[in-house]
Amino acid sequence: MAEAVESPGDPGTTTPRPLFAGLSDISISQDIPVEGEITIPVRSRVREFDSSTLNESVQNTIMRDLKAVGKKFMHVLYPRKSNTLLRDWDLWGPLILCVTLALMLQRGSVDSEKDGGPQFAEVFVIVWFGAVTITLNSKLLGGNISFFQSLCVLGYCILPLTMAMLVCRLVLLAEPGPVNFMVRLFVVIIMFAWSIVASTAFLADSQPPNRKALAVYPVFLFYFVISWMILTFTPQ
């Protein structure tokens, strides 16, 4: 860019003058060094080192994950409105519970491979397909919970039913009869209600107020099917 100035000889004409022409008269006799240091606080570096798990041993990592799973189990056993399962979600607990429940539902017959395989696969299909269906239903109803958070909650809340299956296996060691069935029925009903209460305590606030019933109804069916499998289980 240039700036126009009037020529002293001809008032009607102008001659262009550079915009920064005055800066050429400025000179620096010598270079002025810029000195200084950029320091990083020691505490921040220590925090970053402590929070990093790259240098953590495998044993410490496994123990840390197991402690986190155990804390979530306690939240399910003592259900209350909390965002712990939603904030720190994982799928290790649901996987452990699903495998444990499938192994206990596996029949004891060794004569036919069909007695064990379908039962084990059936539990996996019901648990994961049911959890995915409930999650999609929750999202369609306008819930503000993510996909994996819903899977985490639904999977962890199988814990009471897994405990019911363990009790039923122990009761089935005794002589079968009406008393045996009534004991198993009572245990399954209590644990079924426990799973419903625990899951709704975590998922209720994530649904719109006028659609909570529509979101809870599939959860009821989900745990009812698992409870029915536990109640009708008979070892061979």
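Just so you know, glycine gets a Cβ as well, placed from its N, Cα and C.
Here Swiss-Prot flags ALA2 as N-acetylalanine.
The annotation phosphoserine is assigned in Swiss-Prot to SER7.
Here Swiss-Prot flags 2-84 (among others) as topological domain 'Cytoplasmic'.
Look at Swiss-Prot and you will find 106-115 (among others) tagged as topological domain 'Lumenal'.
The topological domain 'Cytoplasmic' annotation in Swiss-Prot covers 137-146 (among others), and the record cites a curator's inference as its basis. For the topological domain 'Cytoplasmic' (137-146), the model's average pLDDT works out to 84.
As annotated by Swiss-Prot, topological domain 'Lumenal' applies to 168-184 (among others). Long-range contacts of the topological domain 'Lumenal' (168-184) within the same chain, counting only residues at least 6 positions beyond its ends with a Cβ under 8 Å from a Cβ of the stretch, are 104, 230-231, 233-235.
Feature annotation from Swiss-Prot assigns topological domain 'Cytoplasmic' to 206-212 (among others). Per-class residue totals from DSSP over the topological domain 'Cytoplasmic' (206-212), listed helix then strand then coil: 5 helix, 0 strand, 2 coil.
Here the transmembrane segment (85-105) has long-range neighbours at 65, 68-69, 72-73, 75, 119-120, 122-124, 127-128, 131, 145-146, 148-149, 151-156, 158-159, 161-162, 165-166, 169, 202, 206, 226, 229-230, 233, meaning same-chain residues at least 6 beyond its ends whose C-beta is under 8 angstroms from one of its own. For 85-105 (among others), the entry in Swiss-Prot reads transmembrane segment, with the evidence type sequence analysis.
For 116-136 (among others), the entry in Swiss-Prot reads transmembrane segment, with the evidence type sequence analysis.
The feature transmembrane segment is assigned by Swiss-Prot to 147-167 (among others), with sequence analysis given as support.
The feature transmembrane segment is assigned by Swiss-Prot to 185-205 (among others), with sequence analysis given as support.
Per Swiss-Prot, transmembrane segment is recorded for 213-233 (among others), and the stated evidence type is sequence analysis. Same-chain residues lying 6 or more positions outside the transmembrane segment (213-233) and placing a CB less than 8 Å from one of its CB atoms are 101, 105, 122-123, 126-127, 130-131, 133-134, 137-138, 141, 143, 154, 157-158, 161, 164-165, 168, 172, 184-185, 188-189, 191-192, 195-196, 199-200, 203-204, 207.
Nonlocal intrachain contacts for the transmembrane segment (116-136), taken as residues 6+ away from its ends with a CB within less than 8 angstroms of a stretch CB, comprise 94, 98, 101-103, 105-107, 109, 145, 147, 150-151, 154-155, 158, 218-219, 222, 225-226, 229.
Residues 86, 89, 203, 206-208, 211, 214-215, 218 of the same chain sit 6 or more residues outside the topological domain 'Cytoplasmic' (137-146) yet have a Cβ under 8 Å from a Cβ within it.
The DSSP breakdown of the topological domain 'Lumenal' (168-184), given as helix, strand and coil counts, is 11 helix, 0 strand, 6 coil.
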